[in-house]
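Enquirer: Here it is: the structure, laid out below.
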Amino acid sequence: MATSEAPRASALPCWFRLLAVLFLLPSMAGQGAAAATAGRDGSFRAQAAALLQWKSTLTSSSASALSTWSQGVHPCNWTGITCRSIRLRRAKKGLAIGEISLPGAGLSGRIDTLSFQSLPFLTKLDISNNVQISGSVPPSIGSLVELSTLNFSSNQLTGSIPATVDELGSLTVLDLSRNGFTGIIPSTIGRLQSLQKLHLYNNNLTGTIPPSITNLTMLRDLRLFTNQLSGPIPTELGQLANLAHLEFGGNLLTGSIPSSIGNLTKLQYFELSDNLLTGSIPDEIASLRNLTLLIISRNHFTGTVPSAIANLTKLQFISARKNHLIGQLPEQIGRLTDLREIYLYENHLTGAIPPSLGNLTRLSYLYLHGNKFFGSIPHELGSLANLLELSLSSNGFDGELPSSIGNMSSLTSLLLQNNSLSGTIPAEIGNLQNLEALYLYYNYLSGQVPQSFGNLKKITDLRLISNRLTGSLPQTISNLTNLVDIELNWNNFTGRLPDLCQGRKLQWFSASNNHFSGSFPRSFKDCNSLIILDIMYNQMDGDIAQELGVYPHLTFLGLTLNKLRGQLSPNWGSCYNLTEMYLAGNMISGHIPHDLTNLTNLRKLDLYSNRFTGEIPSEIGKLNNLYMLLLGRNKLSGNIPKHIGQMGSLEILDLSSNRLSGTVPEEIGQCVRLQSVKLNNNSISGSLPVSVSNLIHQIR
């Protein structure tokens, strides 16, 4: 095992003894630069010993990665080590440790146990992506004056970035990203004149971006995102004329984008999202003709989208979402024919969508929702045959849906909800055979659902809530075996429900406030994937015991105000995830099953206005999460169970209009949250216990 103690000379391998002769001779003052370089920080043997010493401080889990690091193997053959030739005194050459490259090697230990000053000839130090390397970087890092690459990314390093990094004048790559560094970026970082890549992202750095950073005129890649940097973007940022990649997102930067940004004519990637930046998008941005990606989302930018953006002909991705942009989308945006993705949602953009968007035939994602656009949806959008996702929701669009939508053959998501669209749903939507999500809810659409909807075999999510749709649902919808969510509430649908759970994937079915009638589809009996089943306020008239089954994932059951009959199956007691159960206003008869008291997650139980008979189950007290219990207008008899007093969450209790007898149990007074009680129209005798009357705010 390697130790920090030097081995006896007699035990050393021959290469160690030979190199000792070459490297241990003392350097002499005045013998020139070569002699000074050779004697600067000790011998090759000392460099190897420093690495063995560091290995000895690492955890045992690192041993396999560094198994070659031993005195029996020449250091130049050690894993991750590259040697280099250096000049010695009298023009002789020797060896030195030139590179340590151990990315993702699974090392675990501390960085500050490595003696940097013992490795003066390093040109590359890369221990990135080891995850378990911790500790702080010591000031002695500044002794590595020949270093060109320093990569400590993706570890657990902490503390501040030592100011001595400014002594690494040969550095071209500095990557300290994905660590836990704190404190400020050293103000003298601008001395690293050779730096081409600076990655400090995903740390906890604070303070401002030092103005001296604009002195790094060789810089091509600057990433400072996801820190806590504050203050303005340096006004002289435009001096970084070689910059191709700039990311400042996820900080606390304030102020505006400096106009000097227009000097960065080589810039390809520009990202400022998730800051506190204000002002308008500068016109100078039009000079960035090599830009392919522009992200300025989640700031406080105002003003319009400049028409000069049309100069950015290489742009492929633009995101300015969640700002305060106003005005119209410029018609010139249609010139950016390389665009693949547009995200301008949740601003205050107005006017009509420019028809020129139809020219962007490479577009895959178009998100304009949450603005103030109005007018009709241009039929030119039908030319976007490569579009995958279209979101125009929450605007003021009106008029009919253009039939050209059916030409968007690649579309997987069509989100048009929360507008004022009218007319019928075009049958051409049935051509969108890749469609997975269709949201048309909260509009004024009328007419029937087209038969062609049966062609949407990949659809998982269909929402038509709150329109003026009429007629029966086409039976072809039974072909949609991938359906997970279908929401039909608040329309004027009639007729029987199609078989919507043939694929056994349906989780959410809501169709309340329509005129559906008849029995439940056969597939609903075994549709055990259901989480939400809501068909309240319809005219369903089947037998609840025969047509509905056991739903282990069900959380919401809404069957209020239908014409359901039959008895409540004890199997409902197996729906352990139920939190709300609404069966009011039906013709359900028989006893309330004792098994219902197993539903300990239940918050609301509404059996009001049915034909239940028999006693209230004595175990009702087990429902200690129940907030609302409505059993009024049935034919229940017997005494009020005293175990109701165990229901500590109960606030609303309605037992009115039954055939209950006996007295009100004293234990109800233990329901300390009780606010409303209805016990009228029963045969209850005696007075209300004092403990109960003190709690109740409203008694009827």
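Using N, Cα and C of the backbone, Cβ positions are placed for all residues, glycine too.
Just lifted these from TrEMBL, have a look:
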- 1-34: signal peptide (SIGNAL)
- 47-83: domain 'Leucine-rich repeat-containing N-terminal plant-type' (DOMAIN)
- 114-247: domain 'Disease resistance R13L4/SHOC-2-like LRR' (DOMAIN)
- 259-345: domain 'Disease resistance R13L4/SHOC-2-like LRR' (DOMAIN)
- 356-568: domain 'Disease resistance R13L4/SHOC-2-like LRR' (DOMAIN)
Enquirer: Across the domain 'Leucine-rich repeat-containing N-terminal plant-type' (47-83), what does the pLDDT come to on average, as a whole number?
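Expert: Per the prediction, mean pLDDT sits at 94 for the domain 'Leucine-rich repeat-containing N-terminal plant-type' (47-83).
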Enquirer: For the domain 'Leucine-rich repeat-containing N-terminal plant-type' (47-83), DSSP counts of helix, strand and coil?
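Expert: Helix (H, G, I), strand (E, B), coil: 17 helix, 3 strand, 17 coil.
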Enquirer: With helix taken as DSSP H, G or I, strand as E or B and everything else coil, how many residues of the domain 'Disease resistance R13L4/SHOC-2-like LRR' (114-247) land in each class?
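Expert: When I sort the residues of the domain 'Disease resistance R13L4/SHOC-2-like LRR' (114-247) into the three classes, I find 28 helix, 34 strand, 72 coil.
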